Amino acid sequence: MESNDYHATNLSTVLLVDEERGEEDFGSDSEKERIGIDEILTVYTGEFGKWQKIHFVLTSLAWALEALHTMVMIFTDQEPFTSTPNICDVEPSFRNWSQGSGSSTVSEFGLVCGKKYQVGLVQSMFFAGCMIGSGIFGHLSDSFMGRKGCLTVVSLMNFMFGFLTAFSQQYWVYCLLRFLTGISTGGVGLCAFVLATEPIGPSKRGQAGMSTFYFFSMGFIIVAGMGYVCQSSWRLLYVVTSIPSLLFLLFVLPFISESPRWYLVKGKLSETMVVMNAIARTNGKPDIPARVIPHMDNDDDDDDYEEINQKNTTAKVSFTILDVIRSPVTRWRLILAVAINFMCSIVYYGLSLNVINLKTNIYFSVVLNSLAEIPAYMLTTCLLGTFGRKPLTIGSLWLSGVFCIAGSLMGTTGKMKMVCGMLGIFGISGTYNLLFVYTTELFPTVVRNTALGCISQASQMGAILAPIVVLMGETLPFQVFGLCGIVGGIIAFYLPETKDKPLYDTIAGMEFKV
């Protein structure tokens with residue numbers, strides 16, 4: 001509070017001096033004010049004004065697209081009803097499916113009986129693609145492509161591969177295209193999340209970050225509606241779930257800005273200030289005084305503007321996961337975060353896909369699961385500022401674990417298992433959402449997306465295993481999900497709290513101040 005009061009007073013002084021002396025007197029190095037992006041957002045532009053709200057909504061729409069491409073498999077790969085007795089003893093051409101063989105990949109490609117494992121295989125291949133894409137685009141978005149550049153590429157790839165999937169004539173072609181769709185989908189969420197939250201001030205960033213997943217839930221509900229309308233054709237469902245990616249690419253991305261933090265760490269001070277001044281103007285604030293210089297946490301306070309610009313331009317511009325591993329601070333955080341995200345992903349995607357085992361209406365169950373996520377986001381958002389990241393992560397993991405264990409004790413009662421699954425989704429959704437906020441705060445700007453990409457790879461590895469776990473029957477999956485939730489909560493005890501801590505720019509700056 002003392003720092004904010006000082007800068008508020010300083011801002012008033014600057015504005016008075018500007019009126020009396022004119023801007024030409026701000027040129028001397030002695031009057032330069034070197035402050036970080038967080039301080040500029042707090043003092044000069046506003047932390048979450050009109051600019052940030054519009055930018056946040058536009059960018060977060062990408063999460064709905066990720067939900068469409070991910071959860072479409074629940075409906076395209078479901079086993080439809082059949083009136084054919086002893087279906088395994090009947091030739092594929094004589095099997096009678098309730099809505100025709102074209103309603104599902106299972107009925108069209110004959111993925112039943114001895115080939116039932118291929119349903120889980122294609123879903124696991126999608127998540128394997130996501131795992132690869134998370135690593136690739138996590139690195140590229142930290143290096144030369146930037147956050148917006150990567151989001152543009154993955155949106156285009158999502159449309160192309162998702163659309164082409166609808167024309168698959170063979171199972172293995174279908175697998176390949178789902179794998180390629182997964183590669184692009186793996187980069188959507190992490191690029192969108194970081195791009196949406198980096199221009200937001202420190203006191204609002206956590207709550208805003210938690211709100212990104214409302215868009216994922218919205219996409220989850222939309223894909224259930226699309227699935228209901230397109231019940232007779234899995235091919236048509238892939239077409240209608242791919243078109244929104246093209247619309248996002250053409251009509252939304254042009255209005256999204258690159259992250260000012262990415263500009264800063266790349267030595268692009270002019271571009272940084274262009275974005276920061278745009279934020280100030282849109283938020284109804286005056287332009288940032290010329291005396292203010294964006295300052296990274298490894299800059300020397302004695303450097304002048306030209307020296308800082310030269311140092312940032314000639315500095316290492318591409319950091320890799322090896323840089324994260326070399327630092328003892330970030331290495332330990334990475335190991336813990338990878339383990340927790342792996343456990344969390346098994347539970348989240350496992351419960352989402354497990355609706356096929358509940359013996360209830362699949363469309364109704366998916367919508368209920370989606371709706372269960374929304375109050376979880378609301379509750380964790382409200383509690384985030386009070387309890388912090390660490391206690392909420394532990395609590396939500398254990399909550400989900402307990403209800404999953406309870407679900408395993410419910411026998412074959414579909415409705416009771418559905419209730420336990422909903423409550424499990426409620427807990428794990430809060431965790432899954434919170435971990436994105438937590439991860440962005442655990443790592444500095446120069447490797448933030450790289451680390452997030454690595455951790456997303458761990459999540460996708462858990463997602464790869466989830467379809468296989470779902471195929472293990474009706475009781476064992478709940479036991480596995482419950483164990484993962486409990487163990488994940490125990491591991492979270494060893495992470496540091498990041499509540500009210502700044503977003504560091506560099507590894508060196510984080511090591512010095514932690």
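Heads up, the Cβ atoms here are built off N, Cα and C, so glycines get one too.
Feature annotation from TrEMBL assigns domain 'Major facilitator superfamily (MFS) profile' to 55-500. Marked as transmembrane segment by TrEMBL: 117-137, 149-165, 171-196, 208-229, 235-256, 334-356, 362-385, 392-410, 416-438, 476-495.
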Annotated stretches the transmembrane segment (392-410) and the transmembrane segment (476-495) touching (3 or more Cβ pairs under 8 Å): yes
Residue numbers, six or more beyond the limits of the transmembrane segment (476-495), whose CB comes under 8 Å of its CB atoms: 333, 336-337, 339-340, 343-344, 346-347, 350-351, 354, 357, 389-390, 393-395, 397-405, 407-408, 417, 420-421, 424, 427-428, 431, 438, 442, 462, 469-470
Near the transmembrane segment (362-385), which residues from the same chain, at least 6 beyond its ends, have a CB less than 8 A from one of its CBs? 71, 74-75, 78, 206-207, 210-211, 213-214, 216-217, 220-221, 223-224, 227-228, 351-352, 355-356, 392, 396, 418, 421-423, 425-427, 429-430, 433-434, 437, 499
When counting C-beta pairs under 8 angstroms to the transmembrane segment (171-196), the leading stretch of 117-137, 149-165, 208-229, 334-356, 416-438 is 117-137
Against which stretches of its own chain does the transmembrane segment (334-356) lie, if we need a Cβ under 8 Å and a gap of at least six residues from its ends? 71, 73-74, 78-79, 123, 127, 324-325, 362, 365-366, 369, 393, 397, 400-401, 404, 421, 424-425, 428-429, 431-432, 435, 438-439, 442-443, 451, 454-456, 458-463, 465-467, 469-470, 477-478, 480-481, 484-485, 487-488, 491-492, 494-495
Name the range, of those listed as 117-137, 208-229, 235-256, that has the largest tally of Cβ pairs under 8 Å with the transmembrane segment (416-438). 208-229
Could you pull out which residues elsewhere in the chain have a CB under 8 Å from any CB of the transmembrane segment (235-256), counting only those six or more residues past its ends? 55, 58-59, 61-62, 64-65, 68-69, 72, 75-76, 102, 148, 151-152, 155-156, 158-159, 162-163, 165-167, 195, 223, 226-227
